[in-house]
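Reviewing the structure listed below.
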Ligand code: AHG
Ligand code: MN
Ligand code: MN
Ligand code: MN
């Protein structure tokens with residue numbers, strides 16, 4: 001069978017999914033193009049001085065890497081020329097951004113309009129180490145026909161997402177997407193510059209024996225998280241009656257990709273040190289899109305207390321605790337926390 005390109009895949013999906021109109025297709029195609037361009041910038045690395053840190057601090061209070069800014073500009077440039085993008089939120093921008101087409105062509109906007117939220121470069125602390133980084137995106141419906149949707153329009157529960165995805169810039173570039181109809185993985189064929197479907201209908205293996213958490217925060221964890229991880233560490237002699245392995249890449253994209261491929265659970269819980277800010281990971285452009293993907297692949301995702309996709313955000317850069325992966329593990333973590 002010949003390989004299926006992303007455009008062929010989208011034509012087939014349009015026959016099946018009522019919400020996949022031409023506007024949404026064009027947004028997704030542009031996001032894929034932005035990922036290709038970002039992949040190129042990442043791959044050029046030190047040749048273009050893009051691995052350096054900058055002096056600037058973003059709205060999260062993080063020191064920016066040159067690639068944070070380069071990738072953000074790439075995504076903005078695609079949004080600027082896509083009339084179906086009504087507004088966007090990025091990890092690297094303090095406020096909602098309105099694409100340039102809105103300013104130039106004020107009264108002609110199409111019916112099919114969307115809100116984008118993205119993390120242009122995820123795992124940027126790994127940039128100087130040549131360890132995998134990625135991009136994460138979420139597409140929400142634009143609630144009404146207003147010209148410039150304000151921050152309030154973005155404060156929708158993640159269950160309303162119409163599409164989510166991530167690109168992973170590893171030794172090959174992969175694009176993983178969901179349109180609410182399962183999860184499919186594409187690999188960038190550098191000889192044709194096309195994304196080709198390589199792992200259709202990804203499903204998270206349910207028999208988990210791998211967990212991912214930043215152990216350096218252990219002393220700040222809640223008792224329920226101490227208990228869950230403690231039981232994993234007891235191994236075959238303990239209550240779980242099996243040995244667990246541990247991983248921590250510090251790139252959420254790479255962690256979620258590993259879970260899709262070989263199962264397990266990824267946790268960045270809130271703890272006594274970061275409780276005030278809610279957690280480390282951002283709801284709109286990290287937790288929500290990854291939760292949509294994980295649920296669509298047969299897994300589960302929570303804050304350790306509640307389903308992430310049900311949370312109605314208070315503000316665009318809201319942070320939450322995240323526990324995602326194999327359903328049984330996430331349910332166990334939830335049970336320990338909700339007791
Ligand atoms: P970003 O690089 O977009 O700011 O995200 C970093 C996130 C996420 O990718 C990863 O899971 C986590 O931060 C790693 O955090 P620690 O460095 O605290 O382990
Ligand atoms: Mn960051
Ligand atoms: Mn990130
Ligand atoms: Mn980032």
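Cβ coordinates are placed from backbone N, Cα and C, and glycine is handled just like the others.
Annotation comment: TrEMBL describes 5-199 as domain 'Fructose-1-6-bisphosphatase class I N-terminal'. Marked as Mg(2+) 1 binding site by TrEMBL: 91, 119, 121. Annotation comment: TrEMBL describes 119, 122, 286 as Mg(2+) 2 binding site. What TrEMBL records for 122, 123, 124, 125, 214, 280 is substrate binding site. The domain 'Fructose-1-6-bisphosphatase class 1 C-terminal' annotation in TrEMBL covers 204-337.
The Cβ of residue 123 (substrate binding site) has 23 neighbouring Cβ atoms from other residues within 10 Å, across all protein chains displayed.
Residue 119 (Mg(2+) 1 binding site) has its Cα within 10 Å of the Cα of these binding-site residues: 286, taken from 125, 214, 280, 286. Proximity of the binding-site residues (121, 122, 124, 125, 214, 280) to ligand 3: a Cβ under 6 Å from the molecule is found for 122.
Across the domain 'Fructose-1-6-bisphosphatase class 1 C-terminal' (204-337), mean pLDDT in this model comes to 98. Within the set of binding-site residues (91, 119, 122, 286), the lowest number of other Cβ atoms found within 10 Å of a Cβ is recorded at 91.
Other Cβ atoms within 10 Å of the Cβ of residue 124 (substrate binding site), summed over all protein chains shown, number 24. In this structure, the binding-site residues that sit close to ligand 1, with a C-beta under 6 angstroms from any of its atoms, are 123, 124, chosen from 123, 124, 286. Cα to Cα, residue 121 (Mg(2+) 1 binding site) and residue 214 (substrate binding site) are separated by 20 Å. Excluding 91, 119, 121 themselves, the residues of that chain whose CB lies within 8 A of the CB mean position for the Mg(2+) 1 site are, in sequence, 68, 71, 72, 90, 92, 118, 120, 122, 124, 135, 136, 285, 286. Helix, strand and coil residue tallies for the domain 'Fructose-1-6-bisphosphatase class 1 C-terminal' (204-337), in that order: 63 helix, 21 strand, 50 coil [DSSP].
Highlighted here are the binding-site residues (91, 121, 125, 214, 280, 286) whose C-beta falls below 6 Å from ligand 4: 91, 121, in sequence order. The Cβ of residue 280 (substrate binding site) lies under 8 Å from the Cβ of 268, 274, 319, each of which sits 6+ residues away along the same chain. Counting every protein chain shown, 14 other Cβ atoms lie within 10 Å of the Cβ of residue 125 (substrate binding site).
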